[in-house]
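Colleague: Before we start, here is the structure in question, set down as structure tokens.
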């Protein structure tokens with residue numbers, strides 16, 4: 001920092017910038033007040049609370065310049081700050097698992113739509129296995145836990161304004177299941193015009209010209225919206241001490257009794273307030289957030305925070321060996337304490353978007369794991385890869401629908417018939433992007449027990465009972481089509497050109 005005397009020309013510049021920030025902030029507040037006058041009476045209170053949170057974020061956004069990280073201060077985490085899962089498992093389980101389970105609630109992040117997979121509505125309602133959706137599998141898992149241990153673990157869904165209505169309609173089908181289901185809504189924040197730094201919304205509506213004017217501000221919003229909903233206090237009053245938070249599309253994120261037992265069996269003054277499950281990086285995970293030691297605290301470092309000159313170093317598998325699975329175990333009383341003190345510190349993620357009409361906007365977001373540095377006695381646990389099984393694309397969907405996994409009570413486990421524990425690398429081309437098109441191209445899901453790598457590109461279809469082994473690459477050039485015949489066994493094969501099977 002250079003210090004300038006009042007008379008130096010730069011002092012005037014600094015003063016001008018401060019005035020400009022204040023102007024932007026005042027204009028934003030004026031616009032937000034105008035928007036609130038158009039809210040339905042039933043929604044005005046919620047919208048006002050949302051806007052209070054947004055104002056804090058916008059204020060911080062105006063104050064911050066450039067990456068918030070000083071790369072030179074980043075250190076590897078101390079040895080004992082990340083424990084191997086095996087060590088935690090060695091402790092075994094107590095006779096009374098139910099008493100620990102009764103202090104737990106499961107929170108699933110359910111704000112996302114299925115658009116990237118060509119589906120309308122909430123992503124959690126896409127069928128992933130034997131007609132079961134992400135939500136079905138989650139309910140089955142928790143119901144199985146509750147029945148097996150005679151426990152009462154509730155499921156809490158954090159919805160967004162994009163998913164709330166459709167999710168609530170579907171929840172009726174679980175009324176006779178052995179699991180209490182609660183929902184609360186993420187905040188709804190206004191997208192900001194990149195040039196004017198003002199909201200693009202003209203009123204509080206979600207349709208017509210305002211359809212693209214709003215966004216849910218990332219999963220870091222869980223702390224505020226959970227508190228505002230009243231559900232946090234309700235769960236604390238019911239004797240719940242921890243929440244297990246994960247993305248609803250991570251099929252590996254089941255309640256782990258060993259981690260729960262570890263949390264419950266610590267001296268009360270050394271109680272872990274925040275546990276992040278991490279797992280070993282592979283080449284496929286180079287963009288995942290990692291854990292570092294910074295200013296004496298364990299904290300999450302995301303790729304968006306890394307100065308450009310150091311991005312390759314961040315991606316290296318040798319320096320940063322683990323990444324965040326976003327499976328988190330967090331103390332409820334600690335969330336309340338930090339929220340009340342306004343001491344939850346999360347970096348702002350500035351996410352640029354272009355709306356359909358070509359308008360450039362920004363949305364300000366935060367990530368749930370970034371608050372880690374605000375909690376006391378935090379811990380990373382290096383878990384097996386099986387606890388990270390996200391379904392982000394139809395390539396992932398092919399894996400979880402296949403015989404690589406067997407399903408029991410909503411949980412997927414790698415088939416014992418697979419000789420090596422790693423999942424195959426699958427890359428399906430653009431003809432497979434949408435779930436509907438993907439399903440049409442497979443008469444049945446191939447046998448993939450011995451597959452290492454699959455690449456498919458172009459107009460390709462698969463007949464019934466195809467077996468894929470080793471490395472298989474199938475490329476149909478533009479204008480060509482390849483039909484893999486029923487019963488075909490492809491082992492270490494490259495198929496290209498044109499292969500049509502016609503009925504006669």
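Each Cβ is built from the backbone N, Cα and C atoms, and glycine gets one as well.
Straight out of TrEMBL:
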{"type": "BINDING", "residues": "123, 186, 218, 249, 392", "note": "UTP binding site"}
{"type": "BINDING", "residues": "219", "note": "substrate binding site"}
Colleague: At the Cα level, what's the spacing in Å between residue 123 (UTP binding site) and residue 219 (substrate binding site), rounded?
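Modeller: For residue 123 (UTP binding site) versus residue 219 (substrate binding site), the Cα atoms are 15 Å apart.
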Colleague: Distance between residue 186 (UTP binding site) and the residue listed as 'substrate binding site' at the Cα atoms, whole Å?
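Modeller: Rounded to the nearest whole number, the Cα-Cα distance is 8 Å.
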Colleague: Return only the integer: C-alpha distance in Å from residue 392 (UTP binding site) to the residue listed as 'substrate binding site'.
Modeller: 16
Colleague: What count of other C-beta atoms do you get within 10 angstroms of the C-beta of residue 186 (UTP binding site), across all chains shown?
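Modeller: Summing over all protein chains shown, residue 186 (UTP binding site) has 27 other Cβ atoms within 10 Å.
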Colleague: What's the CA to CA span in angstrom from residue 249 (UTP binding site) over to the residue listed as 'substrate binding site'?
Modeller: 14
Colleague: Per residue, counting other C-beta atoms within 10 angstroms of the C-beta, which of the binding-site residues 123, 392 reaches the highest number?
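Modeller: Within the set of binding-site residues, the most crowded position is 123.
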Colleague: Provide the number of Cβ atoms within 10 Å of the Cβ of residue 249 (UTP binding site), excluding the reference atom itself.
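Modeller: For residue 249 (UTP binding site), the 10 Å Cβ neighbour count is 22.
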Colleague: Count the Cβ atoms, other than its own, that fall within 10 Å of the Cβ of residue 218 (UTP binding site), considering every protein chain shown.
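Modeller: There are 23 of them.
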